[in-house]
């Protein structure tokens, strides 16, 4: 944290270029931020503090000095994260990835039209129309995607309420409330319960002060703050309070040591906003796909350009061919299909409580192979709950379920009544007003987490605590402090059969036991002998080992003769007994796991996803929760477990024998990257405890080095750098801090880890369905492009026009392609390993070979069959067509003879040609029926999957209706050059459609019968 600490170590050798310098500086700054928090203010004595900051420790700074510092350091505010200007976002949608390919297509069309317009007297307008339509497609889908993202980002308009509005400072001995942005380094600040800490403070005096650091360190318990230096690590010491955490109770004074971006919170926010998010896997896939399509298009275009020149076409004609082939290869409708598919999934996920901020993140979640999850609030319920009691020398289990449906215990025992009385009276937590109608567990409580847990437990078991406190009036109390480690209060006893005053005490179990000489067993006091002390010790160790926070409880009836009615109890100079008390029992609390989490973790495991817990909490608690939710599965041991079982020192155990592993933050700090890689590689079940935000980031980078796609979940500010660095960051909608929501790609509206698993399933499904959509869309490229190629090579009249191609890509194929996004998952979706982004591509060789090489070729054969049938019916036999093109297209020749010697004028010839375009188009529609049905599944038979997808059935009818409309609607001959066709011509394609269906069903059958065989390797996409 020190300004400029260790800068010199990082100075690179003279960097020549300005750009390199900038990059080097950015990397250096990031390294600087990734280092652990370095500050030494917590080690300084008050004198040294006074010397360092020039502050009078009782009167504060002078207003003049404060103004100077404010001018030097700037306001005490976080720099808002850099936002991308809206026009840049819009341009990204218009010119990114796939759109670029369509723009190139459009420009080439305009170019071709320009060439034709310059060289022909009456140029055809096909290319002009095509260029206009392509531009329109890009602009419309671009606007659509931009609108989607803008809608999501509106939900994210926060971060502003991170900064506290007012702060109480002491300047020149006067208390004044000022805007928190005007607080400067060296200011003397006072905070009380309920305030937000306005800057990083070094505490110089405190009274019962506790702060909630959960958003920074992930610890759910409020932390005591005092002037004492208690730990080398500034995040753990008691005498530093951090900017933007909350003071829960008590009061404190402190000197401001850092403000704004230099605070610990500021560094984390800067760290998060400075990280490069990187490209999403689906964006990389689409880029890879564009490379393939562009490669194929350019290769074919150039090959046929050269071929045309060899076949003695003019170079102008050759250029027109080149452009035609490239454009025919571009699947115009696919950009819209992909955008719509992702949007549909995002909407479906929002219904399941996952809000996706970035459309492409939908798929990323599906390819996730490692989830680094925060513990508090994500895996657990984020409410301390009483878990166990130890009284009458036995452990009782309490009900920790969210809906109180679990086990209960005997509530009539005299010891339990005494224990519940102490827990209710020696407790400062109270329910907030007007909540009588709410269930007890849902009520808001003023007080710390442990006391709230006790309050709710006693209210559930024994009725109103408020009434109990009214009956037993409180006379005096000594609040909990870190030196004594106990809390004590004395109450009037309404029960006349017992002494008038009851002293109750709770605190750290070993401290409480030391003050006791007897113990309550079945309502009777017994001397506390060694045997009972051992029983206590065993119970304490057992509950502590479960990761629970244990408190001890004792009481004492004060004898009436020494403490008569009206006795003045003095808590400063204590005039009542604090020893020889009667020990009543232990109560332990834990933040229990959420009910749905163990099942979700199990699903992750069967889907091949590794779940790693990363928490700021204590290792024992972390390990207990990890075992509770199945992150460490039953029977798997850590190195410590093996050492305990074999009764040998930990150092003698081979770490690789242990499948599970709990790593402490302090050990992680000293590890090299190689050691961390070793842990991540050789242990399947890992828990990182007591980690700092910087370490979370290092863990994520370690997982990414292993080639994992990492999802990070968390709700605190401490999770945001890791969340930003991960492939997908998941923030909590309810408990999440604004900084973490800012950095995330997805927000769980119900804060439940189980929703992530739903997300993973949806992500995998969308990847499968996108593959199916692409396979469907690409297949029709072959029957669209082969007519063009045969037209050039064999010199026959053009079988299919450019405008007709557009009618397929943007008309008949659109709805069916989108309908595949609604297809249900195949049975193996959550049983297979996560996809490997390096090898499992969205568009792979197998998909191209199936779409282009096999199904596409059958479709093209069907098209040509129809074409030759119709021309033969009109008198032109196939053999007669070869080499006919030059005369056919010459508008000055009006006596071209057919196979039977009839003469055809230019106009008549063109009508026959366009009449052929329409059946060729209809044939493609008919064979695409079969293609759509076979694309429903990749491995299962269509008969297994069924036809439950209503949108797909609608798609089949829609494409048929559209084809019929385009063929038979009056005026289409002029607009699109489509002519009505005889009903019999529809049936030419049926055998080919059936062939496609049978061929693919047989292929899938072989894949299922012979997994891993040749057919699967070559054709399973």
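Residue numbering: from 1, along the chain as shown.
Cβ from N, Cα, C; glycine included.
Marked as region 'Disordered' by Swiss-Prot: 1-37 (among others).
Marked as compositional bias 'Basic and acidic residues' by Swiss-Prot: 1-11 (among others).
Under the heading topological domain 'Cytoplasmic', Swiss-Prot lists 6-85 (among others), citing sequence analysis as support.
The phosphotyrosine annotation in Swiss-Prot covers 10 (among others).
Taken from Swiss-Prot, the feature phosphoserine covers 16 (among others), and the record attributes it to similarity to another entry.
Among the features that Swiss-Prot reports, compositional bias 'Basic and acidic residues' is placed at 26-37 (among others).
According to Swiss-Prot, the feature phosphoserine maps to 38 (among others). According to DSSP, residue 38 (phosphoserine) is assigned to coil rather than to any helix or strand.
Per Swiss-Prot, phosphoserine is recorded for 45 (among others), and the stated evidence type is similarity to another entry. Cβ neighbours of residue 45 (phosphoserine) (same chain, under 8 Å, six or more residues apart in sequence): none. Following the DSSP three-state reduction, the secondary structure of residue 45 (phosphoserine) is coil.
According to Swiss-Prot, the topological domain 'Extracellular' annotation covers 107-129 (among others), on the basis of sequence analysis. Over the topological domain 'Extracellular' (107-129) the predicted model carries a mean pLDDT of 82.
Residues or ranges marked as topological domain 'Cytoplasmic' by Swiss-Prot on the basis of sequence analysis: 151-286 (among others).
Outside the region 'Disordered' (214-233), and at least 6 residues removed from its termini, the chain residues within Cβ reach (under 8 Å) are 36, 42-43, 203-206, 239, 241-242, 244-245, 247-250, 252, 264-265, 268, 374-377, 382, 384, 448-450, 481-482, 549, 591, 615-617, 666, 691-693, 714-719, 737. The region 'Disordered' annotation in Swiss-Prot covers 214-233 (among others).
Within 10 Å of the Cβ of residue 226 (phosphoserine) there are 20 other Cβ atoms, across all protein chains. The phosphoserine annotation in Swiss-Prot covers 226 (among others) and is backed by similarity to another entry.
What Swiss-Prot lists as phosphotyrosine is 258 (among others), and the listing cites similarity to another entry. A strand conformation is recorded for residue 258 (phosphotyrosine) in the three-state DSSP classification. Cβ neighbours within 10 Å of residue 258 (phosphotyrosine), excluding its own Cβ and spanning all shown chains: 26.
Residue counts for the topological domain 'Extracellular' (307-318) by DSSP state, with H, G and I taken as helix and E and B as strand, are 8 helix, 0 strand, 4 coil. According to Swiss-Prot, the topological domain 'Extracellular' annotation covers 307-318 (among others).
Among the features that Swiss-Prot reports, topological domain 'Cytoplasmic' is placed at 337-770 (among others), with the record citing sequence analysis.
Residues or ranges marked as active site, 4-aspartylphosphate intermediate by Swiss-Prot on the basis of similarity to another entry: 374. Note on residue 374 (active site, 4-aspartylphosphate intermediate): other Cβ atoms within 10 Å of its Cβ, all shown chains, come to 29. Look at residue 374 (active site, 4-aspartylphosphate intermediate): DSSP puts it in coil.
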In three-state DSSP terms, the structure that residue 540 (phosphotyrosine) belongs to: helix
Entry from the modified residues list 38, 450, 666, 673, 941 having the most other CB atoms no farther than 10 A: 450
Please give the sequence-distant neighbours of the topological domain 'Cytoplasmic' (937-949): residues at least 6 beyond its ends with Cβ less than 8 Å from one of its Cβ atoms. 768, 771-772, 819, 822-824, 826-828, 1001, 1004-1005, 1007-1008, 1020-1021
Residue 226 (phosphoserine) and residue 258 (phosphotyrosine), compared by Cα position, are separated in whole Å by 18
Long-range Cβ environment of residue 659 (N6-succinyllysine), under 8 Å and at least 6 residues apart: 636, 637, 683, 684, 685
In the same chain, which residue numbers or ranges, 6 or more beyond the ends of the topological domain 'Extracellular' (107-129), come under 8 angstroms Cβ to Cβ? 316, 319-320, 323-324, 326-327, 801-803, 806, 891
Test of understanding: give the count of other CB atoms lying within 10 angstroms of the CB of residue 540 (phosphotyrosine). 18
Measure from the Cα of residue 673 (phosphoserine) to the Cα of every one of the modified residues 258, 540, 666, 941, then give the nearest. 666
Roughly how many Å separate the Cα of residue 450 (phosphoserine) from that of residue 941 (phosphoserine), to the nearest whole number? 57
Which residues of the same chain, at least 6 past either end of the topological domain 'Extracellular' (791-800), have a Cβ under 8 Å from a Cβ in it? 304, 307-308, 311, 313, 321, 783-784, 863-864, 867, 871, 881-886, 888-889, 909, 913, 916-917, 920-921
